[in-house]
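Asker: What follows is a single structure, and I will ask about it in a moment.
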Amino acid sequence: MSIQQVAILGSTGSIGVSTLDVIARNADKFSVFALVAGRNVEVMRKQCLTFKPKFAVMQCEQAAKQLRGDLAGSEIQVLTGVQAMQDVVSHSDVDIVMSAIVGAAGLLPTISAVEHSKKVLLANKESLVMSGQIFMDKVKQHGATLLPIDSEHNAIYQSLPTAFQQHSDPKLNQFGIRKILLTGSGGPFLTRNIETLADVTVEEAVAHPNWSMGQKISVDSATMMNKGLEFIEAKWLFNCDADDIEVVIHPQSMIHSMVQYQDGSVIAQMGQPDMRTPIAYGLSYPERIDAGVEPLDFSQICDFTFTKPDYHRYPNLALAIEACKTGQAATTAVNAANEIAVAAFLNKQIGFTDIYKVNAEVLNRIAITNLSSIDDVLAQDNEARVLAKHILKTME
Ligand code: NAD
Ligand code: MG
C-alpha cells in the first residue's frame, strides 16, 4: 500500500499530539500533508519542523504571521482561516482527515472532508451533535468513510459485525443487537457530596481520574455532558434511537463500551485509557498497527464495577438525552449553550453547577425549528450562543 497522506485538524491539541505520535511510529505507512490549529504557534512550529507538512493553517493571521517568520526558509506554506482549513482537507492528495478541533469550530472543515469523500476519523463529536442527519446524509452521498475515534464509539464500532460497519443503512435488530451500552467513568465527582458541587474549582473539574484531555472535554466529563454528547453521537453513528442506548458507569475506564446481542452475548472492547488505540485503529482500518500503548496486564487489574448514572448528580446528562429525543435543533442548541457555559466556568465567571442552569435555560427558551442545511445549523448555533450569553449576564 502506498503511503497515506494525513491532514490533522487540531494538531496541537491532545488528540492531535496523540495522532502525530502514532504516525511517527508508523512512518512507513503515513505522512503528514497538512496541520491545522488555533493559536498555539510554539507547538505548531515544532510539529512543522518534525513532520514537514506541505501546509500549516492557523486560526488567525497574527498567529500565521508569527509562524511564517519561524518557518522562513522551509517549504511549508502557512495559511489562515476557515476557508484555508476547508481547502487543505479537501486537497486531492489527502487520503485521511483527523477531525480533532474542539467544539463547533470543527464543523465546516469536517464537512468539507466528508464532501470530498475522504476517510474521516471523527474525534470532534460536537460537529456530529450539531448536524447529525445532514452530516450522515453527506457521508452516504459522497461515499466518505467515517470512523469513530471517541473511545466509546470506537469500542462499539469494534464490537459490531463487519457487515454492520459496511452497511449503508444498518438496523440494530437486523444484526441481532439488543442494545448499545455506552460506558463512562463518572468523572472526578462520582462520589463527591452533591451538596458541595457548586463549590467545585476549575482545577478540580479538569483533573480527570483516568484520561488526559483538553480542558473543554475534561469539564464536560465532570458534568457528564460529555456522555450526553456521546449519547447523541452514538444515535447518529449507529443509526439507532435513544431507547437503544444505555449509559453505564464504569469508573475504571478499561471497558470502553459494549454491544449487547439478542442471544445474551455482550461484546466489549477493552484497553488502556489511551486515545492512541482508537486513533491507530482509525488510521489503519481494517488492519492493525502499533499504537505505542502498553497491553493490559490482567494480573494487575483488581475490580471492575458498574452502576447506573445518577441524574441528580449529572443533570446535564439527562438534559442532553432529552435534547436527543427532541431533535436536531435541540441538540445543536444544547451543544452551543454548553460551549459558552463551559468557557464561562473556565474563566471563573460562573460556578460549576451554573453550567447546567445556562444549558437548561437555553433549551427552555430557544425556538425548535427544522434544520435542513448546514446554514440552518450555524444559525441555530449562533442563536443559542447569543441566548446563553444573555443568560450569563443575568447571572452576574
Ligand atoms: P484540545 O483543546 O486539547 O485541542 C483542540 C485543538 O483544536 C487544538 O489544536 C486547538 O488549537 C484547535 N482549535 C481550537 N479552536 C480552533 C479553531 N477555531 N480553529 C482551528 N483550530 C482550533 O482538545 P482535545 O482534547 O484534543 O479534543 C479535540 C476534540 O476531540 C474534541 O471535540 C473532543 O470532544 C474530542 N475528543 C477528545 C478526546 C481526548 O481524549 N482528548 C477523546 C474523545 C474525543
Ligand atoms: Mg469519549
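Glycine is no exception: its Cβ is also placed from the backbone N, Cα and C atoms.
Residues or ranges marked as NADPH binding site in TrEMBL: Thr12, Gly13, Ser14, Ile15, Gly38, Arg39, Asn40, Asn124, Glu126, Gly214. Sequence annotations record features per position, and here TrEMBL assigns 1-deoxy-D-xylulose 5-phosphate binding site to Lys125, Ser151, Glu152, Ser185, His208, Ser221, Asn226, Lys227, Glu230. Sequence annotations record features per position, and here TrEMBL assigns Mn(2+) binding site to Asp150, Glu152, Glu230. Taken from TrEMBL, the feature domain '1-deoxy-D-xylulose 5-phosphate reductoisomerase N-terminal' applies to 6-132. Sequence annotations record features per position, and here TrEMBL assigns domain '1-deoxy-D-xylulose 5-phosphate reductoisomerase C-terminal' to 146-238. The feature domain 'DXP reductoisomerase C-terminal' is assigned by TrEMBL to 270-385.
Could you place the listed features in the three-dimensional structure?
Answerer: Around Ser14 (NADPH binding site), the same-chain residues six or more apart in sequence whose CB sits under 8 Å from its CB are Ser212, Met213, Gly214, Met275, listed in sequence order. Secondary structure at Ser14 (NADPH binding site), taken from DSSP and collapsed to helix, strand or coil, is helix.
In the three-state DSSP assignment, the secondary structure recorded for His208 (1-deoxy-D-xylulose 5-phosphate binding site) is coil.
Counting only same-chain residues six or more apart in sequence, the Cβ atoms lying under 8 angstroms from the Cβ of Glu152 (1-deoxy-D-xylulose 5-phosphate binding site) belong to Leu182, Thr183, Gly184, Glu230, Ala234, His256, Ser257.
Across the domain '1-deoxy-D-xylulose 5-phosphate reductoisomerase N-terminal' (6-132), DSSP assigns 63 helix, 28 strand, 36 coil.
Secondary structure of the domain 'DXP reductoisomerase C-terminal' (270-385), assigned with DSSP and counted as helix (H, G, I), strand (E, B) and coil, comes to 64 helix, 2 strand, 50 coil.
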Asker: Taking Thr12, Asn40, Asn226 as the binding-site residues to compare, which has the smallest set of other Cβ atoms within 10 Å?
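Answerer: Each of the binding-site residues Thr12, Asn40, Asn226 was scored by Cβ atoms within 10 Å; lowest is Asn40.
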Asker: For the Mn(2+) site given as Asp150, Glu152, Glu230, which other residues of the same chain have their Cβ within 8 Å of the site's Cβ centre?
Answerer: Lys125, Pro148, Ser151, His153, Asn154, Leu182, Asn226, Lys227, Glu233, Ala234, Ser257
Asker: Which of Glu126, Asp150, Glu230 has the fewest nearby Cβ atoms, counting only those within 10 Å, among these binding-site residues?
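Answerer: Sparsest of the binding-site residues Glu126, Asp150, Glu230 by Cβ contacts within 10 Å: Asp150.
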Asker: Applying a 10 Å Cβ distance cut-off over all chains shown, what neighbour count does His208 (1-deoxy-D-xylulose 5-phosphate binding site) have?
Answerer: 19
